[in-house]
Amino acid sequence: MRNLILVGPMGAGKSTIGRLLAKELRLLFKDSDKEIELRTGANIPWIFDKEGEPGFREREQAMIAELCALDGVVLATGGGAVMRDANRAALRAGGRVVYLHASVEQQVGRTSRDRNRPLLRTANPEATLRALFEARDPLYREIADLVVETDERPPRMVVLDILERLQQLPPR
């Protein structure tokens, strides 16, 4: 397995589960959003404020292409990374893709106090999460080798599930 790539909505647990998977697999962990922040010296909300979502998505596309070209990485992506065709192609080519599925209710619970999510600065974050989920869910599924449920499951349980199911996948 070249890389293990985690996709899914905000609050699905991509970063938490990614760190645990990297430790288990003895691989390097990378978070595309954190890498963008390190490179720019600015946080994601600031980038959204200054460059808008299109500016951020340009940075994200370049970062995903770079990270997917590596070997031996567990990569956690931003929730909207799948919206661009080029990103989906890079993610699919970059390794095994695991879609961490979380219900909108679970997403609301996990993101309600997080001020670092510019797309949720709305009057109704739950409605925003629902709309994002409806637009993105088919795209996550399109590129996923595995779909793993994260609702009401401790991260370690999700990690064990992923590790077990990865072994059952045919080579590609």
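Note: Cβ is positioned from N, Cα and C throughout, glycine not excepted.
Gly13 (ATP binding site) falls outside any helix or strand according to DSSP and counts as coil. The ATP binding site annotation in Swiss-Prot covers Gly11, Ala12, Gly13, Lys14, Ser15, Thr16, Arg117, Arg153.
The Mg(2+) binding site annotation in Swiss-Prot covers Ser15 and rests on sequence analysis. Annotation for Ser15 (ATP binding site): same-chain Cβ neighbours under 8 Å, separated by at least 6 residues, are Asp31, Lys34, Ala76.
Sequence annotations record features per position, and here Swiss-Prot assigns substrate binding site to Asp33, Arg57, Gly79, Arg136 based on sequence analysis. Using a 10 Å radius centred on the Cβ of Arg57 (substrate binding site) and all shown protein chains, the other Cβ atoms total 17. Taken residue by residue with DSSP, Arg57 (substrate binding site) is part of a helix.
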Integer Å distance between the CA atoms belonging to Arg136 (substrate binding site) and Lys14 (ATP binding site):
15
Arg153 (ATP binding site): which of the binding-site residues Arg57, Gly79, Arg136 is the nearest Cα neighbour?
Gly79
Using Cβ-Cβ distances, find the residues under 8 Å from Gly79 (substrate binding site) that belong to the same chain and are at least 6 apart in sequence, listing them in sequence order.
Gly8, Pro9, Met10, Ala12, Leu132, Arg136
Excluding Asp33, Arg57, Gly79, Arg136 themselves, the substrate site's Cβ centre has within 8 Å the residues Glu60, Thr77, Gly78, Gly80, Ala81, Val82, Met83
Which state, by DSSP, holds Arg153 (ATP binding site): helix, strand or coil?
coil
